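Asks: Quick one: structure below, then a few questions.
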């Protein structure tokens, strides 16, 4: 059933968020530390196990696939609810510092990621739906 | 009649959001295919359209949530809010390759620490150049260039003035918007086309919304790798900025 896939996703999300809150608490930080990242790793491992042991059906995977493909629309909605006006009226210091930090960080991407030997390796691209989603 | 329609939209805000975002996506892909012959990715145009709508929403309502401040479009704020955003980000890991994440894990962690410190230093330098010479203000503005969440968290801890906190939030917002819009255009110059560089990218940039939007517009396959590191960034910033980084700044100035 589709809901099984969505429920696995929701379970991973909630467990990750709880662990993230705990890490934040332990470090004395008033913020979730890596909850989403932990949830992602959890989902990858669990789905991999379920697929390999054949314990998950196609409709259940569709439940995951749906939210996977809803990602870009959600990001567009996120963009539409940003405080863009606030960013642009924040004064010259905010604008110049904001632009510089991005440009400087861009310059460091090739340095930190090092040389790439081979073609990018992606697994089963078809499962991710539309090629240009 | 018009009031009745508006009432239906307001009462069913979440459903209205699906329609509005669906239409925005359609328009974006239409522009991408017809006007740019597919050269500029549809999702990149959709994100720019979203930001444009957010700007209009801000001007019309003078609020801080973009289009979502318009009463009958409030559902967009829910669809694009942190809960569903994070839920959808977790879903992107469906199809990611765990071996790639393990392979790039070490560089990812390095880029996280490097990214937070680099952003902080740039912010502090500009704060100093613009005449903010006390350690609290400089640290708060530096934290703002880390992300727009780290800025106010740090400012509140250190007791910075509200003016300085506002600047720190604005600097973080500029960073986030620029990463969203700029990533697809710089991707090929910085080698952003594989899981390894995407993880480094997430760690260096760190703004979850910026990285999530920017990578989606570049190549959706890269999203899970960038997101997995970026989601640690704000927490790390909240840990380092008001403590170690403040002490160092205070000792230097």
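Residue numbering: from 1, along the chain as shown.
Heads up, the Cβ atoms here are built off N, Cα and C, so glycines get one too.
Those TrEMBL annotations? Automatic predictions, nothing curated.
In case it's useful when we look at the structure, here is the feature table from TrEMBL:
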- B:6-253: domain 'Malonate/sodium symporter MadM subunit N-terminal' (DOMAIN)
- B:12-31: transmembrane segment (TRANSMEM)
- B:43-60: transmembrane segment (TRANSMEM)
- B:72-96: transmembrane segment (TRANSMEM)
- B:108-130: transmembrane segment (TRANSMEM)
- B:164-186: transmembrane segment (TRANSMEM)
- B:198-218: transmembrane segment (TRANSMEM)
- B:230-252: transmembrane segment (TRANSMEM)
Asks: Given the transmembrane segment (B:72-96), which of the listed stretches B:12-31, B:164-186, B:198-218, B:230-252 has the most Cβ pairs that are under 8 Å apart from it?
Replies: B:12-31
Asks: What else in the chain is close to the transmembrane segment (B:43-60), if you only count residues 6 or more beyond its ends and a Cβ gap under 8 Å?
Replies: 24-25, 27-29, 31-32, 36, 66-70, 73, 177, 180-181, 184, 213, 216-218, 220
Asks: Would you report the average pLDDT that the model assigns to the domain 'Malonate/sodium symporter MadM subunit N-terminal' (B:6-253)?
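Replies: That stretch averages a pLDDT of 92.
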Asks: May I ask for the residues of the chain that lie six or more residues beyond the transmembrane segment (B:198-218) and have a Cβ under 8 Å from a Cβ within it?
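Replies: Tertiary neighbours of the transmembrane segment (B:198-218) are 41, 43-44, 47, 85, 89, 101, 104-105, 107-112, 114-116, 118-119, 146-148, 172, 175-184, 187, 190, 192, 225-234, 237.
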Asks: With Cβ-Cβ distances below 8 Å as the criterion, list the same-chain residues six or more beyond the ends of the transmembrane segment (B:164-186) that contact it, or say none.
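Replies: Same-chain residues near the transmembrane segment (B:164-186) but 6 or more away: 40-41, 44, 47-48, 51, 119, 123, 132, 136-137, 140-141, 143-152, 154-156, 192, 201, 205, 207, 209-211, 213-215, 217-218.
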